[in-house]
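**Student:** Sharing a structure, written as structure tokens. Questions coming.
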Amino acid sequence: MGRFRELLEKQEYLILHGALGTELESRGYDVSGKLWSAEYLISQPEVIEKIHECYIYSGSDIVTTSTYQATLPGLIEYGLSQTEAENIIRLSVKLAKNARDKVWLKSLNNKKNDRIYPLISGDIGPYAAYLANGSEYTGIYNINKNALKDFHRPRIALLIDEGVDLLAVETIPNFDEVQAIAEVLMEEYPKVEAYFSFTSQDGISISDGTPIEKVASYCDKVDQILAMGLNCCLPSIYNSGLNEFIKVTKKPLVTYPQSGEIFNKETKTWHAPSGNLPSLFDNIKQWHSLGAKIVGGCCRTRPHDIEILRQELENTKNKTVFPQDLEIKKDNITSIIRRATLDDIPAINNLLAQVLHVHHIARPDLFKATGNKFSDEELTTLIKNDAKPIFVYVNENQNVIGHLFCEIKDIKASNLEPIKNFFIEDLCVDEKARGQKIGKQLYEFAIKYAKKLGCHNLTLDAWYDNANAYHFYEHLGMKPQKTRFEQLL
């Protein structure tokens with residue numbers, strides 16, 4: 001494990017599966033039994049594998065095993081032996097891996113540069129799924145925490161042993177159960193990574209009535225829980241719920257709602273509510289602004305929904321999104337880092353002249369004492385170029401006292417891994433304003449922006465003769481990537 005954490009840090013979002021049970025129903029399979037979709041792990045495992053393939057084709061980055069209701073007690077009650085039940089849980093991982101590798105090797109040759117190699121998540125459904133009495137939505141259990149640990153431990157062990165990349169602890173309605181599963185991970189599997197997702201009926205508490213803020217505060221302290229959120233809830237409660245999470249955590253959030261349709265328990269049919277519902281993409285776009293990074297759909301969502309979600313997210317991703325103005329407050333003084341405007345050209349030229357002076361002192365054989373790196377027309381073009389944005393640091397007197405020239409590069413070559421690179425063309429602080437950590441603030445701004453864009457790395461060039469710059473960037477944690485040698489003739 002470890003790749004889940006890496007991708008959370010690098011990717012703007014990770015797309016989940018949609019529903020397994022819904023897709024089985026749509027293909028004519030009966031999922032009304034107590035094992036739900038897990039029954040087909042036993043009778044027709046190839047059907048499960050085909051559905052995994054379909055979701056990967058549609059755009060899923062995380063393939064979830066069909067073990068939501070596949071527990072050892074449930075499988076044994078169905079008639080399997082202990083060994084047979086264990087093998088079924090192991091099989092669920094093999095099917096997900098087979099589907100991933102089959103799609104990846106045979107069908108995505110033209111799209112691999114745009115997709116990450118999908119992760120396999122081991123699905124840990126709630127104790128309620130074994131009860132099959134609807135307690136996912138009440139959290140009412142007649143069982144203590146130690147018994148919950150005993151219940152979950154075997155499935156966790158089997159999924160980990162079979163090589164899942166992470167655990168998807170989902171649809172959890174009960175706070176004792178949250179703690180039970182987390183304690184098993186902390187005590188027995190300290191290197192395992194997971195996300196935890198809960199049910200809520202009101203966007204304020206999880207289903208057993210425990211405040212979301214309390215649950216989030218607990219999960220925030222568990223290092224192995226890399227993300228948390230809500231699933232299998234009506235879309236209408238997510239804004240409220242996510243706002244409860246962000247009160248106490250900065251970890252990425254998880255959102256995969258029901259379709260928004262209403263289930264009629266008497267007729268056992270689904271009906272759309274009156275009025276127009278926002279699309280899955282429209283909802284997730286809004287929730288992304290609150291911190292949602294692991295996104296998808298739950299009940300009543302299908303591969304087509306995931307395909308549309310991926311297309312819409314990719315279309316949004318391909319548009320350069322610029323960070324909001326950053327306010328920096330210190331000693332009741334407010335400064336701002338913002339995108340440069342045409343009115344900033346004189347101040348930028350002044351800063352560029354200071355850079356030229358430093359280079360001229362170090363290398364008068366290469367740099368003139370005076371001159372402009374860019375004409376006003378060239379700066380005008382650069383300021384309007386979204387692929388090469390310029391940002392400025394503005395002090396409380398509205399004076400530009402620093403700038404940051406950037407370039408966003410897509411690195412593609414036959415012998416290189418395809419990555420997105422964030423290149424700093426120039427970073428300068430006015431000589432009269434140095435010593436205030438403005439350069440560090442501009443650099444940190446660039447780092448956050450690069451991460452938001454999903455860049456693999458941030459690079460810049462520094463002249464070896466400019467010792468101050470060289471040491472400044474090393475102090476910030478940068479390391480030399482390569483050296484350009486020179487022989488004067």
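Including glycine, each Cβ sits where the backbone N, Cα and C put it.
In TrEMBL, annotation is done automatically, which means it is predicted and not curated.
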**Student:** Figure out which of Cys232, Cys233 sits with Cys298, Cys299 in the Zn(2+) site per TrEMBL.
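**Tutor:** Among Cys232, Cys233, only Cys232 appears alongside Cys298, Cys299 as Zn(2+)-binding in TrEMBL.
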**Student:** Give the sequence-ordered list of residues that share a chain with Cys232 (Zn(2+) binding site), lie 6 or more positions from it, and have CB atoms under 8 Å from its CB.
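**Tutor:** Cys232 (Zn(2+) binding site) has long-range Cβ partners Glu136, Glu170, Thr171, Thr199, Tyr256, Pro257, Gln258, Cys298, Cys299.
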**Student:** According to DSSP, collapsed to three classes, what secondary structure does Cys232 (Zn(2+) binding site) have?
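**Tutor:** In the DSSP reduction, Cys232 (Zn(2+) binding site) maps to coil.
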